[in-house]
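Since the structure comes first, as structure tokens, the remarks are kept for the end.
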Amino acid sequence: MNDWSIDDARAGYNVTHWSQGFYGISDQGEVTVSPDPKNPEYKIGLNELAKDMVKAGVALPVLVRFPQILHHRVNSLCQAFDQAIQKYEYQADYLLVYPIKVNQQQTVVEEILASQASKEVPQLGLEAGSKPELMAVLAMAQKASSVIVCNGYKDNEYIRLALIGEKLGHKVYIVLEKLSELKMVLAESKRLGVTPRLGLRARLAFQGKGKWQASGGEKSKFGLSAAQILTVVDQLKQNDMLDSLQLLHFHLGSQIANIRDIRQGVSEAGRFYCELRELGASVNCFDVGGGLAVDYDGTRSQSNNSMNYGLTEYANNIVNVLTDICNEYAQPMPRIISESGRYLTAHHAVLITDVIGTEAYQPENIQPPAEESPQLLHNMWHSWSEISGRADQRALIEIYHDSQSDLQEAQSLFALGQLSLAERAWAEQANLRVCHEVQGLLSTKNRYHRPIIDELNEKLADKFFVNFSLFQSLPDAWGIDQVFPVLPLSGLDKAPERRAVMLDITCDSDGIVDQYVDGQGIETTLPVPAWSAESPYLIGFFLVGAYQEILGDMHNLFGDTNSAVVRIEENGVTNIESVLAGDTVADVLRYVNLDAVAFMRTYEELVNLHIEEDERAQILEELQVGLKGYTYLEDFS
């Protein structure tokens, strides 16, 4: 393809749309990151960045964080709501609350909080959904607005700690998820002498569409029904504490792709708010929860991996709907809170690792079968002869299907002992030759050819063995078929020569990335430059900053990867800071209650028993190094 251009690469990988301007492809075919939108001219080539890290002793795979992206996401979301509030003359403000469950890493939380350090009145709070998360935010929320929202199921200790947060100077909203929690709150607040700030989670009838739609609707795991909400109001009235009810919360689910779902959910919840006000409750905060989506595939659609709206449209719809409902009821407009953790964090992190080997289907030249060979092989040779003789376009599909049928029959005959191993191998190579030839002759312009093209792209794709664990670094790709953009980090200035699938290094057949962003759609293979064992071939997995680290598991005892924070200074200098080593072998053994120290003693006993004295020290040293080493592959020499 001689007319290939960088624009073709940008369109082919759809970088312009899913990257939100943070990532791109340079004119030299290198994937770049521009973490600071204020200075878009300052770019880092990810390939060179990774090489610099390796030279500095940071082994791949490495998770690279760009904190300036976090800063931009926080401020752009606040700005979108501020502009919507001004546009619709909304009579209250907006507060962004970060739910730390999305990414609890200290670096991430601190950078999010630091994003508004210069603001006189920060528009930022924190959310906790468990006791450990609450203990964390109690020590960090004062760096922003000191607002803490407590969600999740609660016991007396959780509630007591939340109330202690009020004594520490925080504004802690305890959101009731179950009716039984109210009794505990009333009792603990009385013991501590603290007036609680109560919220309640409404269980809406409306249910948004998406992978997390079970978070909303009448069968939701969380929230109070209309009748239960009225019971809460009655009990608070009886205790002369109705003024404590200050926040209404609802949650449609993470990654809501359709803006109409958001409008409908806000509309229903807005009526809950106004009805509560009319009952005498002092509710003044309207928490829309999560749902603000990330366009993982860049298609701007209603697919589970995308969204059909932008940030401005999201803020405008929430503010507009709530303005109209409050005006209809003649009720004061509440502070709007959102818990948009996925939006804040997804883009800021990219996993960079290396391809350690490939397996390609290379068709061999075949000779006609011997005259005494089974008729089936002669049929396959006839199909190959038709293709090599440039068969009519209309016959291509028929020839392909005949070849597939013949191959299946050959494999069956081999299993019955009626075909030799050599004859089976010949049949497989003949089929492979037919597939390669058909692939080159089919046309995407012919709609009857397209399914066969997709099938052949998958069948003939190279296998790239990539130094990472899907279960540790991209668990949502395995668990819920989440799409993450995947790109080779260099060589994109030339037309891709191959199509490939990415396989991890676990001993599990599920350890494969089976969906790839390709143009304006999702494909089962990825167009890539050819791999060479002579030079490093680096791959980037993008938009992995939300949920993936904390959800990752240690399948095959592959642990946390190395990580690093990278920042571009105002003078354009790249600064690699706070490199954090990933798990060692000893670390992951300890997680599953295996004692590396005891293992070392056992090694010594075995060495003394089986190894000659002059070799013992070297063997023991290698075993010691093995326990201290990275869980991923490092030595390819």
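Glycine too: its Cβ is placed from the backbone N, Cα and C atoms.
Under the heading N6-(pyridoxal phosphate)lysine, Swiss-Prot lists LYS101, citing sequence analysis as support. LYS101 (N6-(pyridoxal phosphate)lysine) is surrounded by 20 other CB atoms, counting those within 10 A of its CB over all protein chains shown.
Taken from Swiss-Prot, the feature substrate binding site covers PHE286, ASP287, VAL288, GLY289, GLY290, GLY291, LEU292, ALA293, VAL294, ASP295, TYR296, and the record attributes it to sequence analysis. Taking all protein chains in view, 24 other C-beta atoms sit within 10 angstroms of the C-beta of TYR296 (substrate binding site).
Applying an 8 A CB threshold to same-chain residues 6+ apart, the list for GLY290 (substrate binding site) reads PRO99, HIS251, LEU252, GLY253, SER254, SER338, GLU339, SER340, GLY341, ARG342. Comparing VAL288 (substrate binding site) with LYS101 (N6-(pyridoxal phosphate)lysine), their Cα atoms are 17 Å apart once rounded.
Between the C-alpha atoms of PHE286 (substrate binding site) and LYS101 (N6-(pyridoxal phosphate)lysine), the distance comes to 21 Å. The Cβ neighbour count for VAL288 (substrate binding site), using a 10 Å radius and every protein chain shown, is 24. All protein chains shown were included, and the count of other CB atoms within 10 Å of the CB of PHE286 (substrate binding site) stands at 24.
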